[in-house]
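Structure first, then comments.
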Amino acid sequence: MDWNWRILFLVVATTGAHSQVQLVQSWAEVRKSGASVKVSCSFSGFTITSYGIHWVQQSPGQGLEWMGWINPGNGSPSYAKKFQGRFTMTRDMSTTTAYTDLSSLTSEDMAVYYYAR
């Protein structure tokens, strides 16, 4: 029997306590093993050139694992070794949105993905 893994991506936005900051994440995503997924987080109330944009993964029953961040000054991403090669972070200054693309999905990618500043 051929099993197709379906991978759930749920992006949750987190930030420090600040009443003016708003974050809107993309909906949960379901993808087959081997596919790719792009998730997003739109934000307002702060400038993306003043704060780093971090992505964090939490697999079922596991702790938080830092995936990488986008440098606020030059927009360059930096990745944790585990995620290098399959994971791409970008930001769109015009829409104040951060994106992450994850390719060649496996069952190990089933997790909740957090955005943090």
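Positions of Cβ are set from backbone N, Cα and C atoms, glycine also.
Here's what Swiss-Prot has on this protein:
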DOMAIN    20-117  domain 'Ig-like'
CARBOHYD  Asn74  N-linked glycosylation site
REGION    20-44  region 'Framework-1'
REGION    45-52  region 'Complementarity-determining-1'
REGION    53-69  region 'Framework-2'
REGION    70-77  region 'Complementarity-determining-2'
REGION    78-115  region 'Framework-3'
SIGNAL    1-19  signal peptide
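Counting residues 6+ beyond its ends, the region 'Complementarity-determining-2' (70-77) has Cβ neighbours under 8 Å at 48-53, 88-91, 98 in the same chain. In the three-state DSSP assignment, the secondary structure recorded for the residue listed as 'N-linked glycosylation site' is coil.
Applying DSSP to the region 'Framework-2' (53-69) sorts its residues as follows: 0 helix, 12 strand, 5 coil.
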